[in-house]
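The ATP binding site feature in Swiss-Prot is assigned to 5-12, 132-139. What Swiss-Prot lists as Zn(2+) binding site is His156, Cys166, Cys168, Cys173.
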Amino acid sequence: MTTLAIDIGGTKLAAALIGADGQIRDRRELPTPASQTPQALRDALSALVSPLQAHAQRVAIASTGIIRDGSLLALNPHNLGGLLHFPLVKTLEQLTNLPTIAINDAQAAAWAEYQALDGDITDMVFITVSTGVGGGVVSGGKLRTGPGGLAGHIGHTLADPHGPVCGCGRTGCVEAIASGRGIATAAQGELAGANAKTIFTRAGQGDEQAQQLIHRSARTLARLIADIKATTDCQCVVVGGSVGLAEGYLALVETYLAQEPAAFHVDLLAAHYRHDAGLLGAALLAQGEKL
């Protein structure tokens, strides 16, 4: 059975056909609509899936935000155009006439990345550092989503009580500091208004402020990982996302994690499926019908 997998992120929408063998084909991307309206997202999703839907028997969605009862609740509305209570499952069922499931994108990615690990690992955490910071937890060989879909939203844990206000409404969240948006927001002077990709480029060219911003992000993530080790005793942490997979970033995180007491050290791995983990994880979960 072929799954039409969809990944809804803060900057892009992706879709692909995924067979029972896990092979990804006919992958397509569109920018996430800048307009803060449900109709804009519906129209973009329609354009994305229309060339693919005839070749699939079901739909699996991985989306940023909390997924509850098939609807999207954007914990940080800034990451998805201010959408709240968007009926993801209902919308895709109407567009495709196919049975549909939905799950948080980082939770989906965690499940895909777990499948790529050695068989003796039963407990792992996936962290995505991209437009925002998200995560997924596998414990005892099972994906933990929680009764309300909140499990794994580790980007909204405290990093600095005196830090910037996060889009979720809390102060000093990891996401507000370590994410691509957090890096860009903190930029000043000639870097003001630059996005995270530009800041990474400037850091590689020796720009001191850019390097400091990236170190701040990596240090914040390392402290989060130490906290995760303390709370889950996971065997490894897998890091993905456009920031997490940026050249040199994971090595910086490892350097800062090494400064923590040894009890909080844990193996860090780069995401095996890189930017396709959400798509694949959603398809795998649809195959297992575990949602």
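The backbone N, Cα and C atoms fix where each Cβ goes, and this holds for glycine too.
What Swiss-Prot annotates, mapped onto the structure for a quick look.
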residue: Ala5; record: ATP binding site; Cβ contacts under 8 Å, 6 or more apart: Ala15, Ala16, Leu17, Ile18, Ile24, Val59, Ala60, Ile61, Ala62, Leu279, Leu280, Ala282, Ala283, Ala286
residue: Asp7; record: ATP binding site; Cβ contacts under 8 Å, 6 or more apart: Leu13, Ala14, Ala15, Ile61, Ala62, Ser63, Asp105, Gly278, Leu279, Ala282
residue: Gly9; record: ATP binding site; Cβ contacts under 8 Å, 6 or more apart: Thr32, Ser63, Thr64, Asp105, Ser130, Thr131, Gly278
residue: Gly134; record: ATP binding site; Cβ contacts under 8 Å, 6 or more apart: Thr64, Asn104, Asp105, Ala106, Ile127, Thr128, Gly152, His153, Ile154, Gly155
residue: Gly136; record: ATP binding site; Cβ contacts under 8 Å, 6 or more apart: Asn104, Ala106, Gln107, Ala108, Ala109, Ala110, Trp111, Val125, Phe126, Leu143, Gly152
residue: Val138; record: ATP binding site; Cβ contacts under 8 Å, 6 or more apart: Ala110, Trp111, Tyr114, Thr122, Asp123, Met124, Val125, Phe126, Arg144
residue: His156; record: Zn(2+) binding site; Cβ contacts under 8 Å, 6 or more apart: Leu75, Asn76, Cys166, Cys168, Arg170, Cys173, Val174, Glu175
Using a 10 Å radius around its CB, how many other CB atoms surround Cys173 (Zn(2+) binding site)?
29
Near the Cβ of Gly132 (ATP binding site), how many other Cβ atoms are there if near means within 10 Å?
34
Which residue, out of the binding-site residues Cys166, Cys168, shows the minimum number of other Cβ atoms inside 10 Å of its Cβ in this structure?
Cys168
Cβ contacts within 10 Å for Thr11 (ATP binding site), all chains included, total 15
In terms of DSSP three-state secondary structure, what is the assignment for His156 (Zn(2+) binding site)?
helix
